[in-house]
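Q: Have a look at this one before I ask anything.
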Amino acid sequence: MFTRKIQKTALAMLISGAMAGTAYAAPEVLADFHGEMGGCDSCHVSDKGGVTNDNLTHENGQCVSCHGDLKELAAAAPKDKVSPHKSHLIGEIACTSCHKGHEKSVAYCDACHSFGFDMPFGGKWERKFVPVDADKAAQDKAIAAGVKETTDVVIIGSGGAGLAAAVSARDAGAKVILLEKEPIPGGNTKLAAGGMNAAETKPQAKLGIEDKKQIMIDDTMKGGRNINDPELVKVLANNSSDSIDWLTSMGADMTDVGRMGGASVNRSHRPTGGAGVGAHVAQVLWDNAVKRGTDIRLNSRVVRILEDASGKVTGVLVKGEYTGYYVIKADAVVIAAGGFAKNNERVSKYDPKLKGFKATNHPGATGDGLDVALQAGAATRDLEYIQAHPTYSPAGGVMITEAVRGNGAIVVNREGNRFMNEITTRDKASAAILQQKGESAYLVFDDSIRKSLKAIEGYVHLNIVKEGKTIEELAKQIDVPAAELAKTVTAYNGFVKSGKDAQFERPDLPRELVVAPFYALEIAPAVHHTMGGLVIDTKAEVKSEKTGKPITGLYAAGEVTGGVHGANRLGGNAISDIVTYGRIAGASAAKFAKDN
């Protein structure tokens, strides 16, 4: 094994040799470099015939022994620069998530961003979509080879729904294996920034906010154009406060309460100071899933759900990135693999006007969960309803949380004018922005809003926020008419004072924009959420397309399902959905496994 001293010496020799003009063929990948410096043993357990598991546990341990862990590397990074080791990602991020041994290393950050990191032995990010039924002959061979492992419950996906299901199933006494195809856990949940909608909660009561679960039901149905499954919506709202309590009991901070588009009342819960909710919730769930002994496997793609002759689920076929195909026998399977917003070919199939749009999602949101469920005969609904989030930053490659608007920001076009109610539903906001010149707009806010929402600091760090000491100076920064922007802000401040938006009937007017400096950032719609998916009941059981009855042993939760959000999801309802239905799916699956 390398010591850190030996590792540094080896790199120094490599660099000095190159600088001295020594005839030297530089290694192209990490395996070549380590092979020269210490042989395969420097990474692998040589007597085990290669890798020991798809998490590359041993290999990552070797990396840490030489280079230090992620916290050490983050601490050593320059404080004034974006560092790949200072991340919003959750879980125990492995070195091999980015640094590959036998192929070009690729910064996972580049799946969303364009930081241009100078990565050793690096290559360009690209992701090819491979159908789950590709290489069918090899899959059939693995199935014929028989069962490799047995468990009570298999969970597909490590986002909020999958992690909530894992915690819930473990608490119900089930043995759980959670499978994640990506090298990074957390799914879309780790990217969610706004909040978690819940009604009649303790944080609301403490802040004097009066809300009712029925109002949340009504808002959700109205936002979804009333095509939601009303029974699923009732479960969402009626269990929402309990889900807040459940998260809080495990260490989550959900004490800050704001408002998202389409809500009649402040009910969007998030950490103190308005920090991003998703990464926080995902980390809490991850920590608790690990604490409970959940077997979590990354780089592990489920390519088939297995059933017996009667149609009962019997397990899954997995393709490990390094270990290959193998079968896990399970009494129950929970699909929590998310939606397909990152698969534009599929998105544009259902909604052609979204062809070529960017997406706010993580790279794994390609629709695998739907594919394996369809193979198993599952029913689907509402697949044509796909949401574009109105505030995506083209410059930063990130979604700008709806909470910026909720806390008082306005949206202006290139003429410096407001053109909509900023906290309308996402579908209406996106449509309004696409009608403006350049099909984009600007969020404008002041320093009081910046100080009210910690999430904004991340956007500042990405250098996508423009700043001016005055509104007129800010207008020059974003190239809009200064007089018009000043007029717009003055008019809006008057609406705040009077308590009524005479232009666009914005229902919530939190604050005037008067505290310098002033800020703006460009926004445009991007594909964000796929409302349609698998048909489930209130127990999270997946229904059969053929019979309309539950498929025995198959459950689902989160964005992979349809019916909760109807034609349009309200901001803040996704986290509520994944936590509440993740809990239900995990408990239902565990109970079924125990009873059968």
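Any Cβ shown, glycine's included, is placed from N, Cα and C.
Straight from Swiss-Prot, here's the annotation block:
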ACT_SITE  ARG426  active site, proton donor
BINDING   CYS40, CYS43, HIS44, GLY101, HIS102  heme c 1 binding site
BINDING   ALA161, GLU180, ASN188, THR189, ALA193, GLY194, GLY195, VAL302, ASP368, HIS529, GLU559, ALA574, ILE575  FAD binding site
BINDING   GLY194, THR401, GLU402, HIS528, ARG569, GLY572  fumarate binding site
BINDING   GLY194, HIS389, THR401, GLU402, HIS528, ARG569, GLY572  succinate binding site
REGION    142-596  region 'Flavoprotein-like'
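Help me picture these features in the structure, burial and contacts included.
A: Counting only residues at least six positions away in the same chain, the Cβ atoms of GLY261, GLY262, GLN387, ALA388, HIS389, PRO390, GLU402, HIS528, ASN568, ARG569, LEU570, GLY571 sit under 8 Å from the Cβ of ARG426 (active site, proton donor).
Of all Cβ atoms in the protein chains displayed, 20 besides its own lie within 10 Å of the Cβ of HIS44 (heme c 1 binding site).
A helical conformation is recorded for ASN188 (FAD binding site) in the three-state DSSP classification.
Neighbour list (GLY194 (fumarate binding site), Cβ cut-off 8 Å, at least 6 residues apart, same chain): MET260, SER268, ARG270, VAL277, THR401, GLU402, ALA403, GLY406, GLY571, GLY572.
GLY572 (fumarate binding site) carries neither a helix nor a strand DSSP state and counts as coil. Around GLY572 (fumarate binding site), a 10 Å sphere centred on its CB holds 29 further CB atoms from the protein chains shown.
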Q: Starting from the Cβ of HIS102 (heme c 1 binding site), draw a 10 Å sphere and report how many other Cβ atoms land inside it.
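A: Within a 10 Å radius of the Cβ of HIS102 (heme c 1 binding site) lie 8 other Cβ atoms.
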Q: Let's check the environment of CYS43 (heme c 1 binding site): how many other CB atoms sit within 10 Å of its CB?
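A: For CYS43 (heme c 1 binding site), the 10 Å Cβ neighbour count is 25.
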Q: Highest Cβ count within 10 Å among the binding-site residues GLY101, GLY195: which residue is it?
A: GLY195
Q: What's the CA to CA span in angstrom from HIS44 (heme c 1 binding site) over to ASP368 (FAD binding site)?
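A: One finds 31 Å between the Cα atoms of these residues.
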Q: Express the distance between the Cα positions of ILE575 (FAD binding site) and CYS43 (heme c 1 binding site) as a whole number of Å.
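A: Cα of ILE575 (FAD binding site) to Cα of CYS43 (heme c 1 binding site) measures 39 Å after rounding.
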Q: Quick one: among the binding-site residues CYS40, ALA161, ALA193, ILE575, which has the most Cβ atoms sitting within 10 Å of its own Cβ?
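A: Counting Cβ neighbours within 10 Å, the top one is ALA161.
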